[in-house]
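> If you look up TrEMBL, you'll see 1-14, 167-192 marked as compositional bias 'Polar residues'. Marked as compositional bias 'Low complexity' by TrEMBL: 25-37. The compositional bias 'Pro residues' annotation in TrEMBL covers 196-214. Residues or ranges marked as domain 'TRIP4/RQT4 C2HC5-type zinc finger' in TrEMBL: 64-114. Among the features that TrEMBL reports, region 'Disordered' is placed at 1-41, 148-251.
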Amino acid sequence: MHRTPWTSSGSLTSDRIPARPLPAKQQPKGKGQGPPKSKAVSALETRLHNVEYASGKEKDPKGSCFCPAREHDLSTYVPLCYGCGLVLCNLNLPHYACPHCGESFLDNSRRPALVAQIQEELCMQVVKEDEERQRAIVEARKAEGAFPMLPGAADGTQGARKGTAAGPQSSHKVMSLNNTTKKVTVRSYTNTPVSSRPPSPAPEEPRRVPPPPKEISYVKQPPDPAHPWKNMQFPDLQYVPPPRDPNTHDK
C-alpha cells in the first residue's frame with residue numbers, strides 16, 4: 001500500500017500548526033461592578049419578592065402587632081383590614097394575613113396594586129441613593145482643589161491611607177536547628193494588630209403589642225343592692241366634691 005507523508009506520520013500537515021489561543025470572553029461592563037446594595041434597597045427587593053410570590057394566607061412568624069397604629073406608624077400598604085376592620089401599623093407586612101381574622105391581602109385585585117407601589121418605592125430609593133453618591137463624588141473633587149494630582153502621588157496617598165486604616169503589621173523570622181537531621185528551618189511570623197473599632201450593634205427588634213386576652217375582664221362579685229352604681233373593681237373609691245367658690249352665695 002502506497003503511503004503518503006501525512007498518512008505515514010498518522011496526522012495531517014495542518015495538524016502540525018500550533019493552535020492560536022482564543023481570547024477570553026470579556027464580561028459586559030457595568031454588570032456586577034456597581035456599588036453594593038444598601039439595606040433599604042435590599043429590604044424593598046425582599047418585600048417585592050414576597051408580595052409577588054407569597055400566598056398571603058400565612059401569618060407573621062414573629063408575631064403581629066395589635067397597637068392600632070398608636071405606637072408605630074400606620075401601614076402604607078394595607079392600613080385597614082378588609083375583613084374585620086383592624087387598623088394595621090407598619091410592622092404588619094402586606095404579604096402576611098390579618099393577625100386577627102386571617103384575611104389575605106394578596107387577592108387578584110390587590111396584589112398588582114401592591115406590586116406597583118413597591119416597585120415605585122424601589123425606583124425612587126435607587127434614584128435617591130444614586131443622586132447622593134454623585135453629590136458625594138462632586139464634593140470630594142471640589143475638596144481636592146483645582147489642580148489635579150499626579151498618578152504616583154495619588155497611588156502613594158491611597159497606599160498611605162490603606163496602611164493607616166489597616167494598621168502596622170510586624171513580621172519576624174525564627175531560625176531553628178534540628179539536632180537529629182542537622183537541618184536549618186526558617187519560619188516567618190506576622191503579627192496582625194486587632195482593630196480597636198468596636199463592632200456595630202445589631203438593630204433592635206421593635207416592640208410588638210400582643211393581642212388582647214380572649215377572656216373579658218369583668219367583676220364576678222354580685223352587685224350590692226344598696227349601692228348599685230358602686231365600682232366593684234375599685235371598692236375604696238370616695239367621692240370628693242369640688243371646692244366651693246367663696247364669691248358665690250348659696251341661694
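Glycine is no exception: its Cβ is also placed from the backbone N, Cα and C atoms.
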> What does DSSP give as the helix, strand and coil breakdown of the compositional bias 'Polar residues' (167-192)?
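The counts are 0 helix, 16 strand, 10 coil.
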> For the domain 'TRIP4/RQT4 C2HC5-type zinc finger' (64-114), give the DSSP counts of helix residues, strand residues and coil residues.
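When I sort the residues of the domain 'TRIP4/RQT4 C2HC5-type zinc finger' (64-114) into the three classes, I find 4 helix, 4 strand, 43 coil.
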